[in-house]
Amino acid sequence: MKVYYENDADLNLLKDKTVAIIGYGSQGHAHAQNLRDSGVKVVVGQRPGGANYELAKEHGFEPVSAAEAAAQADLIMILLPDQVQAEVYKNDIAPNLKSGDVLAFGHGFNIHFEQIAPPADVDVIMAAPKGPGHLVRRTYTEGGAVPAIIAVDQDASGKAFDIALAYAKGIGATRSGVLQTTFREETETDLFGEQAVLCGGLSELIKAGFETLVEAGYQPEIAYFECLHECKLIIDLIYEGGLAKMRDSISDTAEYGDLTRGPRVINDKSREEMKKILKEIQQGEFAREFIAENMTGKAHFSAMRRIGKEHQIEQVGGELRKMMSWLKK
């Protein structure tokens with residue numbers, strides 16, 4: 001896979017454009033500030049009221065409505081939650097799109113699953129740093145960067161890829177490296193990773209381990225330490241050097257248990273379920289379910305959230321974390 005760096009991107013492609021950042025949240029604040037510091041003209045679309053509006057003002061922007069930002073801009077980056085993008089696009093952005101504009105996204109959900117259907121005379125691109133916004137901003141100010149991925153869904157101008165690469169340079173990503181993907185690949189792999197591994201898989205693994213120990217008569221506090229608290233120690237090692245570094249860093253006892261017992265937890269049945277989850281994503285079943293849930297008031301979603309917060313592991317963890325002076329309160 002080709003990796004694109006500073007010399008591959010031409011920031012001048014953005015010099016005569018106004019970039020609208022729609023949503024001043026986790027990613028929005030980093031994109032807006034980094035682009036501005038790279039010499040790009042930026043307007044922030046953020047509804048009045050709330051912390052993000054005030055934060056944008058603190059950072060030297062004069063936030064306006066999404067509609068006004070879209071009207072002023074030549075490149076519109078939508079960095080809102082997936083479930084609200086389609087409505088904001090329909091009501092505020094689409095009426096203000098001009099032929100030749102660039103519509104940009106940090107995640108491909110609404111384009112891939114056809115919740116947003118841009119006109120044929122605009123470019124549709126993606127530029128997505130592979131890290132949280134605070135890290136995107138901090139590394140930029142330190143002279144480094146978080147790597148990013150870019151994609152093109154619609155190339156009306158014939159320059160969409162180059163514009164996406166220029167945008168990635170504007171937020172600093174070409175300092176570390178930029179990879180090309182597609183909206184389909186980014187969306188489907190992102191959803192799968194969240195559901196099967198990073199969020200869904202890990203959450204259920206932690207809870208199942210905790211419950212197994214507690215049901216066997218062990219103290220909940222000890223079960224919490226062994227099944228949840230120590231995850232960070234292992235994840236940090238994996239993050240820094242992959243599974244190999246983690247295994248090099250743990251005891252032989254732990255490594256032997258990893259290699260011999262791990263496959264009994266994540267077994268052929270688990271892998272079959274992963275394949276089913278991926279198929280549901282690929283066929284749009286998950287997207288339809290998620291969209292319907294949001295359109296009907298999120299009653300089931302809210303109930304699941306409430307049940308999760310009432311789990312014993314949350315109560316135990318809340319008490320134990322009071323003992324941890326290094327955690328931010």
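Note that Cβ sites are derived from N, Cα and C of the backbone, with glycine treated the same way.
Values in this document were obtained by computation on a predicted structure and should not be read as measured data.
Just one of Gly108, Gly131, Gly133, Gly143 is listed by Swiss-Prot for the same NADP(+) site as Tyr24, Gly25, Ser26, Gln27, Arg47, Asp82, Gln83, Val84, Gln85, and that one is Gly133. Around the Cβ of Ser251 (substrate binding site), the same chain contributes no residue under 8 angstroms that is 6 or more positions distant in sequence. Secondary structure at Ser251 (substrate binding site), as computed by DSSP, is coil. Mean pLDDT, taken over the domain 'KARI C-terminal knotted' (182-327), works out to 98 on the 0 to 100 scale. The secondary structure of His107 (active site), as reduced to three states from DSSP, is coil rather than helix or strand. Annotation for the binding-site residues Asp190, Glu226, Glu230: lowest Cβ count within 10 Å of the residue's own Cβ, Glu230. Each residue contributes its Cα atom, and for Glu226 (Mg(2+) 2 binding site) and His107 (active site) those atoms are 35 Å apart.
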